[in-house]
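S.K.: This is the structure, below, for whatever I ask next.
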Ligand SMILES: *[C@@H]1O[C@H](CO)[C@@H](O)[C@H](O)[C@H]1NC(C)=O
Ligand SMILES: *[C@@H]1O[C@H](CO)[C@@H](O)[C@H](O)[C@H]1NC(C)=O
Ligand SMILES: *[C@@H]1O[C@H](CO)[C@@H](O)[C@H](O)[C@H]1NC(C)=O
């Protein structure tokens, strides 16, 4: 880190200072759109096959997660996966999953090669999975976050009456050893199933299965060809009740008998198999199936098994709040299972027109999903050029590479709420670049004044002009256009100056 890096940082800071002083919701965006603004100068997207980096009507979208694949779609629900695309320099360690389930539906039992952190965005869910040798079953409500380890079989039920369930989840692919299974980037192993999805069991030789189940191959055929409704099924109602609904209607001891056979089969076959990879899943399946079947004397609370409860992000106090919004961060200290994934969670609510001040994540890459409202996201390259200035609204997802300076700005029309995951469970203390308590504020002194080539008083005056920290208000009066123009000129100047390795003054 030499003098140049320092200058670069300062150039960014000053640019942001100048801009934040004159920010106006839509107008701010407009200056980068059409007519050769900063955004128009961007290089075309590097690397990335399907990912679009060009300017679209809503702005440059380089860091939006636009590679969306619908991996499940049935009458009873759907699951979409958003990926960051392919990059020359890094592999995206995380995908974002969006699950929607109709009332009275079941996401049939499966295990994944990736660990999940679920966030119940709307509705209520019952989740069953295996953890530390035990079945854990929990009722999750809106705002809850909950982790499921890779290889651990789980099911998800929406049994709320008349209420759709919306879940946002992180799909952490760091456990899958770089398998590129398919376009969706991770692999589900369905424990149950038939024609669609295919059960992992149906891969076994028919005679083996028949022996293991102690039933005829004809009977087996029936089991493995009945389910055709896809991975999310209706549990009851007028629609055909699939195999799983029928299964769940069986008497407990019948379910036990049926599933025990499945479990034993898995175990037997594993003995001659290459054990390594699937050892844990098998173990999990056994535990898990026991749980679906239920012990004869299981208690029927909404909480079964040891292990941490879900953690509700709506119930927690904000880490920071002022008149312009609040931020919340869930770390491993709040919810210990995050430690295993090394993933943190955040939720931000900005009032109309406010801005989460320019900041960097020193330790984490960040993935966000817009929950409500609309706004813009700006990301800056290390060399001090604007990398993205995109308008986003509900349902859009974005990602921010580690170290890249960025800020989020709510549109003037209403509050802007976004939720996300960061790739560090430890307190990923973001460093704010602008505002009271910012890095610049704390470091401003003769050295920085010299670095900017202005005197200390001048620097102080600029740095102290913003009295708020972290979440900054919009400019109180919409500045006239010429002021915007001026702000843009300043930004351009500063960036250009940096290109020449010289920092110019502000005027
Ligand atoms: C297999 O099923 C038959 C009845 O169909 C029963 O007599 C026999 O004991 C069963 N064998 C095992 C190993 O469960
Ligand atoms: C976000 O803030 C707005 C007011 O600015 C409020 O109406 C809304 O309920 C807040 N959202 C959450 C989830 O608290
Ligand atoms: C800054 O870096 C980006 C990404 O590496 C590159 O596309 C762009 O051309 C660079 N801009 C300048 C002015 O060097």
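Placed from the backbone N, Cα and C atoms, the Cβ positions cover glycine too.
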S.K.: Region 'Disordered' per TrEMBL sits at which of 35-61, 62-88?
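M.R.: Result: 35-61 is the stretch TrEMBL calls region 'Disordered'.
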S.K.: Counting by DSSP, what is the helix, strand and coil composition of the domain 'Cupin type-1' (311-460)?
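M.R.: DSSP composition of the domain 'Cupin type-1' (311-460): 21 helix, 64 strand, 65 coil.
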S.K.: Compute the average pLDDT of the predicted model within the domain 'Cupin type-1' (311-460).
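M.R.: When the pLDDT values over the domain 'Cupin type-1' (311-460) are averaged, the result is 90.
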